[in-house]
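Enquirer: I am attaching a structure below and will ask some questions about it afterwards.
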Amino acid sequence: MGSPLRFDGRVVLVTGAGAGLGRAYALAFAERGALVVVNDLGGDFKGVGKGSLAADKVVEEIRRRGGKAVANYDSVEEGEKVVKTALDAFGRIDVVVNNAGILRDRSFARISDEDWDIIHRVHLRGSFQVTRAAWEHMKKQKYGRIIMTSSASGIYGNFGQANYSAAKLGLLGLANSLAIEGRKSNIHCNTIAPNAGSRMTQTVMPEDLVEALKPEYVAPLVLWLCHESCEENGGLFEVGAGWIGKLRWERTLGAIVRQKNHPMTPEAVKANWKKICDFENASKPQSIQESTGSIIEVLSKIDSEGGVSANHTSRATSTATSGFAGAIGQKLPPFSYAYTELEAIMYALGVGASIKDPKDLKFIYEGSSDFSCLPTFGVIIGQKSMMGGGLAEIPGLSINFAKVLHGEQYLELYKPLPRAGKLKCEAVVADVLDKGSGVVIIMDVYSYSEKELICHNQFSLFLVGSGGFGGKRTSDKVKVAVAIPNRPPDAVLTDTTSLNQAALYRLSGDWNPLHIDPNFASLAGFDKPILHGLCTFGFSARRVLQQFADNDVSRFKAIKARFAKPVYPGQTLQTEMWKEGNRIHFQTKVQETGDIVISNAYVDLAPTSGTSAKTPSEGGKLQSTFVFEEIGRRLKDIGPEVVKKVNAVFEWHITKGGNIGAKWTIDLKSGSGKVYQGPAKGAADTTIILSDEDFMEVVLGKLDPQKAFFSGRLKARGNIMLSQKLQMILKDYAKL
């Protein structure tokens, strides 16, 4: 059974601990090392009277057994005072067991305002007050365990207990919300509905049954739910007589009873009543997101089908297998995506490129001599092809986008992305996998420039709750994630994301409101908008490229990553990297929490030698080559004269098709001057970037260099004023 569950050093507050269940909890916690605060007002089960005797007796009993405990005699309506006792005595608060309660049983017609109010004040408001007083302390220490006490009367209702039932079910709603709010701070909140003999149940249970339902048969569940190793959160449990059962909500598939552009009528409700109440193939929603998601799905069906009077969803089970199978191989409509340097720069800024790092300039300044698109900009191109609604139109796929998670991503580049261009994208459903709890749709997107394949994206999309249709679980078409090596990383780099990171990244085209709208994020179960997974993906890939390829985009071949947990803007990303040959394994963590957010990831790089897209020596016979060669020949005769006039070194970057095709240097500073292919051997005074075609236009006098500069066709850096002397060079010495 493993080692005993201990609570050494944990501070536990139990309300209503003077007798019955509360006493059993207090004794059990103390026996296992907890520091216990025994709260009890000292009144009877109707809430009448007060005194210190009940709490003192339990404290004394704990101390006799070698434990540590203090008493508190305040009403739970004064929660701050109750929690202060724990803080004053032990300096912290780890566990709150909201157990205090009273009864005022009356048939509904006989319940007075006082009967109603006092029940809610003690049970519901009292639990609220005590828990709220402990909440901030638990958040600061990143730990807390909370128990709310409901009852079978609250869950199912009971004659003569309308006031009590309402308060007890209210506690369940309170607990469910606290479970959601507290989980990021490691605060768990669960609800129990105990059946046990106590001061309260003596009035509603036979004496022999009260004796059989000992509090000691409930306490073990409470201790387990409050232990640091228990991950249960937001659960509801009935417990008694040594039996424990977990409860959950169940919902029929229901029926859509209205048509588009027609009023909904009670007659339609009546006609579909059997379907509405049919629990065959019932769903079991576990969150408000799942509940809301089904409503969104209904609205989509009404809008697309014009109205459904029958329960189409009920046919899903019998047709799911053939439906999903029919989706395999289906293609989305062809999609064209045009972009300029602006989109490439916007993306680079969105994934953390910055002027703080001079090496990033090539990704964020179009005038950089080696301006390049980050390789992972390719995911934006692939994603765009799926965002036009085509995915929802594929036969066999019924997609509720509120339940879609991005599971994994693969990107392969066949050549570096052009700095600007227009690509045609073709997307196809490569496979559909049944994972039980959901369906994985494998989408392949191929992007072409003319007929040349530029990149291949593979998106793994997980549809929550759509599994169990009997389909296959694996596929040879999936690009498989690979576990990281079992050794310390070879390199670790960190990036602190901005609070505006998601707002900036979404400008690249991912408009999902989950990443910007607090209300939408709340509906999805998050405290605030989260960062795009592909944004984190871009941060990590950029770091791998920088660390192991010196930002040479021509070496980037492929990347695969699995998305594990969300990131909040403002958190610090820690990319850990392992080099094994030309494969760089990596994982990404949130530094503040230690959570792994990208796992089983890798980047494949091309070998160092012979892999550049086109080096200067490979420039070949561009039109500009003849001009530079001619300038070189002329300098042999009149070089000293030109050097005296110019006294500068010019480095030229000649582009072709958006990429650098050749580099040339005209050295008019040393000796008799010289012209050679390649970058300047020393520091260049001026670097000039323009296309092969525009260079020829300048040489032929058809394009004024100044106008070319101000229109962006010619870019220069360094001592730009020296470029004015170029007209003399080109005009006088480059005539063909």
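Here the Cβ of each residue, glycine as well, is placed from N, Cα and C on the backbone.
Keep in mind that what you see is a predicted model, and the values were worked out from it rather than measured.
Grabbed the feature section from Swiss-Prot, which reads as follows:
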- 1-305: region '(3R)-hydroxyacyl-CoA dehydrogenase' (REGION)
- 13-37, Asp40, 75-76, Asn99, 164-168, 196-199: NAD(+) binding site (BINDING)
- Lys46: N6-succinyllysine (MOD_RES)
- Lys46: N6-acetyllysine (MOD_RES)
- Ser52: phosphoserine (MOD_RES)
- Lys68: N6-succinyllysine (MOD_RES)
- Ser151, Gln706, Gln724: substrate binding site (BINDING)
- Tyr164: active site, proton acceptor (ACT_SITE)
- Lys275: N6-succinyllysine (MOD_RES)
- Ser304: phosphoserine (MOD_RES)
- Ser309: phosphoserine (MOD_RES)
- Lys356: N6-succinyllysine (MOD_RES)
- His406, Gly407, Lys435, Asp510, Trp511, Asn512, Pro513, Leu514, His515, Gly533, Phe563: (3R)-3-hydroxydecanoyl-CoA binding site (BINDING)
- Lys424: N6-succinyllysine (MOD_RES)
- 484-600: domain 'MaoC-like' (DOMAIN)
- Lys565: N6-acetyllysine (MOD_RES)
- Lys663: N6-succinyllysine (MOD_RES)
- Lys669: N6-acetyllysine (MOD_RES)
Enquirer: Measure from the Cβ of His515 ((3R)-3-hydroxydecanoyl-CoA binding site) and count the other Cβ atoms within 10 Å, all protein chains considered.
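Expert: I count 22 other Cβ atoms within 10 Å of it.
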Enquirer: Please list, for the domain 'MaoC-like' (484-600), how many residues fall into helix, strand and coil according to DSSP.
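Expert: Looking at the domain 'MaoC-like' (484-600) with DSSP, the answer is 37 helix, 36 strand, 44 coil.
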Enquirer: Do you know which of the recorded positions Arg23, Lys275, Lys565 has the most other C-beta atoms within 10 angstroms of its C-beta?
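Expert: Output for this query is Arg23.
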Enquirer: Measuring CB to CB from the residue listed as 'active site, proton acceptor', give everything in the same chain under 8 Å that is also at least six residues away in sequence.
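Expert: Listed in sequence order: Leu103, Arg104, Asp105, Ile119, His123, Ser151, Ser153, Gly154, Asn158.
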Enquirer: Quick one: pull the CA-CA distance for Lys68 (N6-succinyllysine) versus Lys435 ((3R)-3-hydroxydecanoyl-CoA binding site), whole Å only.
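Expert: For Lys68 (N6-succinyllysine) versus Lys435 ((3R)-3-hydroxydecanoyl-CoA binding site), the Cα atoms are 50 Å apart.
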Enquirer: Select the closest residue to His406 ((3R)-3-hydroxydecanoyl-CoA binding site) from the following recorded positions, measuring between CA atoms: Lys424, Lys565, Lys663, Gln706.
Expert: Lys565
Enquirer: In terms of DSSP three-state secondary structure, what is the assignment for His406 ((3R)-3-hydroxydecanoyl-CoA binding site)?
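Expert: Looking at the DSSP assignment, His406 ((3R)-3-hydroxydecanoyl-CoA binding site) belongs to a strand.
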Enquirer: Excluding near sequence neighbours, so keeping only residues 6 or more apart in the same chain, what lies with its CB under 8 A of Phe563 ((3R)-3-hydroxydecanoyl-CoA binding site)?
Expert: Leu405, His406, Gly407, Glu408, Gln409, Gly533, Thr536, Phe537, Val597, Ile598
Enquirer: I need the CA-to-CA distance for Lys356 (N6-succinyllysine) versus Lys663 (N6-succinyllysine), whole Å please.
Expert: 27
